Amino acid sequence: MAANLSRNGPALQEAYVRVVTEKSPTDWALFTYEGNSNDIRVAGTGEGGLEEMVEELNSGKVMYAFCRVKDPNSGLPKFVLINWTGEGVNDVRKGACASHVSTMASFLKGAHVTINARAEEDVEPECIMEKVAKASGANYSFHKESGRFQDVGPQAPVGSVYQKTNAVSEIKRVGKDSFWAKAEKEEENRRLEEKRRAEEAQRQLEQERRERELREAARREQRYQEQGGEASPQRTWEQQQEVVSRNRNEQESAVHPREIFKQKERAMSTTSISSPQPGKLRSPFLQKQLTQPETHFGREPAAAISRPRADLPAEEPAPSTPPCLVQAEEEAVYEEPPEQETFYEQPPLVQQQGAGSEHIDHHIQGQGLSGQGLCARALYDYQAADDTEISFDPENLITGIEVIDEGWWRGYGPDGHFGMFPANYVELIE
């Protein structure tokens with residue numbers, strides 16, 4: 001708990017004021033606690049100085065002393081605060097009163113020296129005055145006036161400070177000054193000369209560099225003219241960028257699966273001896289279905305027989321077959337077909353024939369698919385990326401399929417165009 005200064009406040013304040021008043025004979029005041037409480041009370045005051053105050057200290061109590069003494073150096077009044085903790089005070093009380101020191105220091109303001117004492121050796125008057133002397137600042141001594149006016153007797157005349165001029169020393173001094181002035185001037189000239197030479201060397205280097213660049217530019221221009229074309233640095237840079245872009249495109253295209261299939265197809269076309277390009281497959285039975293549906297069943301086997309030969313154009317021909325017969329057969333099978341869109345785009349023409357016609361159409365379609373090689377039905381929509389691929393919609397039929405790779409096949413699309421398509425976009429028809 002904090003120290004209580006309000007209970008005995010007037011008495012405490014009165015004792016403090018009597019000590020700090022310079023004309024008051026009271027020069028010390030002693031404060032302590034009331035029993036084991038935290039209430040501060042006045043233990044005593046006196047006019048006998050430090051010797052009298054020391055005798056009032058009790059070794060079994062916690063006490064606070066505030067004294068007025070004279071500075072031995074300046075003779076000015078100084079105030080000393082002594083925090084006394086007797087040797088007989090128990091540890092619990094010491095711990096409780098340790099926080100009251102700052103409270104008492106705030107109440108007893110103006111102390112020049114603060115002493116924490118526990119034994120009589122710490123509060124001896126000589127020891128206290130020594131600390132006061134050290135706290136007053138520098139250890140100086142004040143001169144005391146022995147007399148305002150003193151007759152010290154006649155004073156001797158003031159001596160002259162005139163010195164005769166020495167010509168030799170003067171000449172030496174002047175010569176020395178001129179020597180240093182000349183040295184400074186020479187140093188300044190040397191620095192200016194070095195600066196001028198550096199600037200001249202820099203200008204010469206710049207001139208040589210410009211001349212060298214002009215000569216190199218002239219040689220390049222002459223070399224370009226000799227090669228038969230005028231080139232500029234911008235054009236050279238553009239050509240380099242074109243080469244880099246072309247190389248990058250070639251590398252990217254070499255990695256793309258579609259380009260791999262294109263290369264395989266070109267290799268197959270160059271190695272084959274006489275493999276004609278597959279043309280658009282003409283469906284004889286479709287044309288005759290639209291014109292003569294009643295006679296279609298009689299001529300369908302011929303178309304079914306000739307279709308497998310069209311689906312395998314790369315088979316090696318028989319050695320005994322002359323080229324003219326092969327050409328004749330190809331012309332018989334590969335005619336310039338009309339657009340096959342009518343087979344898928346115009347189903348109403350067939351539906352107008354009635355229920356009997358629909359049965360005939362399904363039968364004809366089954367016979368046609370059986371003669372067109374491997375067939376598949378589209379599951380998803382796919383749009384061709386270039387002219388080497390085919391486009392189709394869901395439920396479209398793809399005929400004449402060639403399995404050239406695990407992921408990409410080739411076949412005839414709904415429009416009769418032959419090209420590649422992704423294998424996972426279709427399902428095979430058994």
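Cβ atoms here come from the backbone N, Cα and C positions, even for glycine.
Since the structure is predicted, the reported quantities are computational estimates derived from the model, not experimental observations.
Noted in Swiss-Prot for the protein shown:
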COILED    176-231  coiled coil
COMPBIAS  245-267  compositional bias 'Basic and acidic residues'
DOMAIN    371-430  domain 'SH3'
MOD_RES   Thr26  phosphothreonine
MOD_RES   Ser160  phosphoserine
MOD_RES   Lys176  N6-acetyllysine
MOD_RES   Ser232  phosphoserine
MOD_RES   Ser269  phosphoserine
MOD_RES   Ser272  phosphoserine
MOD_RES   Ser275  phosphoserine
MOD_RES   Ser283  phosphoserine
MOD_RES   Lys288  N6-acetyllysine
MOD_RES   Thr291  phosphothreonine
MOD_RES   Tyr334  phosphotyrosine
MOD_RES   Tyr344  phosphotyrosine
REGION    219-283  region 'Disordered'
Determine, to the nearest whole angstrom, how far the Cα atom of Ser160 (phosphoserine) is from the Cα atom of Lys176 (N6-acetyllysine). 29
For Thr26, Ser160, listed as modified residues, tell me which one has the smallest number of other Cβ atoms within 10 Å. Ser160
Expressed to the nearest Å, what is the distance separating Thr26 (phosphothreonine) and Lys176 (N6-acetyllysine) at their Cα atoms? 76
Including all protein chains displayed, how many Cβ atoms other than that of Lys176 (N6-acetyllysine) lie within 10 Å of its Cβ? 10
When DSSP states are folded down to helix, strand and coil, where does Lys176 (N6-acetyllysine) land? helix
According to DSSP, how is the domain 'SH3' (371-430) divided among helix, strand and coil residues? 3 helix, 25 strand, 32 coil
Model confidence over the domain 'SH3' (371-430), averaged pLDDT: 90
